[in-house]
């Protein structure tokens, strides 16, 4: 799930922290990708024309392998060096979110049994998609044969991605989960592994710009996310993104906010703090996540194991041999090039002051309002 409405809040309050990029922009960059999130996308999106998942002769799904193979090739073609990070065991506190997902799953299964229209059946089937251990195992085998590094995190994949980015092992963490920002990755990329056919630009979030423009510390930003609701606990019921930001800026911490609620200094019939709220434990998971220290992680991009790759993808999984061989050549070509020095690596970029960031944020907001106003006028015409 990530953090509810956080992307909307940043888009409205700090639009200058989000850049829309073409994939070519990231040539020469190393990126740590949330593999579990990517596999989930592939299982939903990579399908036949009738909406059914791809499968081999044995009837087992192969959508995850096709997505992993071709989306990785696309990145390699554009000079990006991807590494994938897989989820480990979820933290105990995540049981809250997992229980919610289980209830939603049971509800969807009941609706699927009652569905009669094909479109409705496919919609419910997609909602039931789940990344299973064997999907992860096959994806890891594929990556090994392709020569692409991967890491199995002790717990949350996005936390491990952020750890690699913070240390400079990679340029950015790539995930659809906005809670990646709470783990203090310098840069978050969204939509990196989306299909090219969707024509969605890659979103680049600059964490420092977000923190500085909102004038929040990392701890306060995490508290903001917890107010909105995260994977580890419920948020304050009835509080939307604008009021969540007001609360944290006015009171400074969740402890102070909870105290004000308990004393009756903050009162709203629509707002309610969850009973037995474990916000401190949730905050600790963001501040001190269970990760492998980056100095213990070695990332190596190697020559693909051509014969073994053909054996696995063609003979075992039924993929077209010519296409797999073509993919192997693309891998060889892309990985030989290496990570070239980018022009911006020769210059030290001075961080902007809070005043400069505030001015940039105001300009971006004004531009957004003007664009929205023009759109309304055009619709009237």
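From the backbone N, Cα and C atoms, a Cβ is placed for every residue, glycine too.
The record from Swiss-Prot ties 177, 179 to Mg(2+) 2, and of the options 208, 215, 223, 231 it ties 231 to that site too.
Swiss-Prot lists region 'Disordered' at one of the ranges 316-337, 360-381, namely 360-381.
Among 22, 34, 265, only 34 appears in Swiss-Prot as part of the Mg(2+) 1 site alongside 87, 156, 158. Cross-referencing 303-311, 339-347 with Swiss-Prot places the feature region 'Interaction with PCNA' at 339-347. Listed in sequence order, the residues of the same chain lying 6 or more apart from residue 158 (Mg(2+) 1 binding site) and placing their CB within less than 8 Å of its CB are 34, 37, 85, 173, 175, 177, 179, 180, 183.
Using a 10 Å radius centred on the Cβ of residue 156 (Mg(2+) 1 binding site) and all shown protein chains, the other Cβ atoms total 30. This prediction places the mean pLDDT of the region 'N-domain' (1-105) at 83. Around the Cβ of residue 231 (DNA binding site), 22 further Cβ atoms fall within 10 Å across all displayed protein chains. Under a cutoff of 8 A between CB atoms, and with a sequence separation of 6+ in the same chain, the neighbours of residue 87 (Mg(2+) 1 binding site) are 35, 36, 153, 155, 156, 157. With a 10 A radius on its CB, residue 71 (DNA binding site) counts 21 other CB atoms from all the protein chains.
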